[in-house]
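Taking it in order: structure first as structure tokens, then the write-up.
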Amino acid sequence: MISIIIDSLRESALHIDSLLKDTSTSYLQSINASGDMQLEIDVRVDKFLSEKLLNLPCVKAICSEEQEEIMYSENKNAPYIIAYDPLDGSSLIDSNLSIGTIFGIYNEELSAKHLIASGYIIYGPRLEMVVAQEQALHYRYNGNMWRNLGALALNTKGKINAPGGTQKHWENKHKAMIESLFAQGYRLRYSGGMVPDLHQILIKGGGLFSYPATSDAPNGKLRKLFEVFPFAFVYEKAGGFATNGTYRILELEVAHLHDSTPCFFGSQSEMNLVKEVYE
């Protein structure tokens with residue numbers, strides 16, 4: 001039944017990719033459930049995905065980063081709940097940078113221990129998708145079909161440093177850690193979009209993506225169910241790790257639907273450094 005959901009998301013990717021080329025990117029006079037100003041394209045993509053996913057017979061409910069509450073289907077005995085961010089990084093569209101859709105498939109309830117598959121779609125010069133179950137499989141659309149490019153695997157140590165959050169709000173220990181990576185020769189690669197930045201680390205073999213607790217966002221900014229848990233699942237299946245600085249991401253509890261957390265994703269070497277600094 002998972003394959004039904006993945007196939008539906010593949011179909012959705014083609015439609016969303018088309019919408020991105022034709023739909024207005026102007027801001028609306030509305031704010032989503034996470035407190036972000038909405039673009040017209042955010043609303044259109046969210047509406048499309050919600051209708052598409054709620055019609056799947058194996059889906060009991062869905063929840064979107066754009067919506068306040070869980071939305072239930074008529075299939076009350078179905079096993080799966082899908083949490084998704086319909087268009088992560090949509091503010092980057094005007095700059096013509098890559099953006100994406102993030103999804104997590106949960107069995108029966110919304111908790112990290114019930115996450116059984118996850119992934120993301122990246123809309124850029126190429127249309128690509130990563131799906132994690134037993135492995136993190138990488139797909140690319142070639143204009144006629146989706147081609148399986150194989151499993152992604154992180155090296156033990158990488159070369160990319162993608163530090164999120166406003167620097168003036170960082171803790172001193174975090175600033176020192178980021179500077180130590182640059183001193184080792186790590187390259188700055190940060191667009192402000194979670195999908196392209198984490199995707200680049202996976203494609204290039206390793207590194208560190210960080211979005212720490214800051215003075216203006218002590219609980220972090222990124223949402224557990226829609227963004228952090230799905231990417232943590234992908235990274236672990238690719239041989240990496242994800243932590244909030246103290247605990248493994250996929251061991252965290254969820255206080256509410258839009259609960260957020262500090263987060264660090266990367267190769268084993270970078271994760272060891274994070275543990276040394278934060279634990």
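Cβ coordinates are placed from backbone N, Cα and C, and glycine is handled just like the others.
Residues or ranges marked as Mg(2+) 1 binding site by Swiss-Prot on the basis of sequence analysis: E65, D85, L87. Residues or ranges marked as Mg(2+) 2 binding site by Swiss-Prot on the basis of sequence analysis: D85, D88, E227. Marked as substrate binding site by Swiss-Prot: D88, G89, S90, S91, Y190, K221.
Proximity to E227 (Mg(2+) 2 binding site), defined by a C-alpha to C-alpha distance within 10 angstroms, is shown by the following binding-site residues from E65, D85, G89: E65, D85.
Sparsest Cβ environment among the binding-site residues D85, D88, E227 (other Cβ atoms counted within 10 Å): D88.
Cβ neighbour density within 10 Å is lowest for S91 among the binding-site residues S90, S91. Under the three-state DSSP scheme, L87 (Mg(2+) 1 binding site) falls in the strand class.
In terms of Cα distance, the binding-site residues that sit within 10 Å of D88 (Mg(2+) 2 binding site) are E65, chosen from E65, Y190, K221. Distance noted between the C-alpha atoms of Y190 (substrate binding site) and L87 (Mg(2+) 1 binding site) is 18 Å.
Around the Cβ of K221 (substrate binding site), the same chain contributes G164, G165, Y211, S260, each under 8 angstroms and 6 or more positions distant in sequence. Pairwise Cα distances among D88, G89, S90, S91, Y190, K221, the recorded substrate-binding residues, top out at 16 Å.
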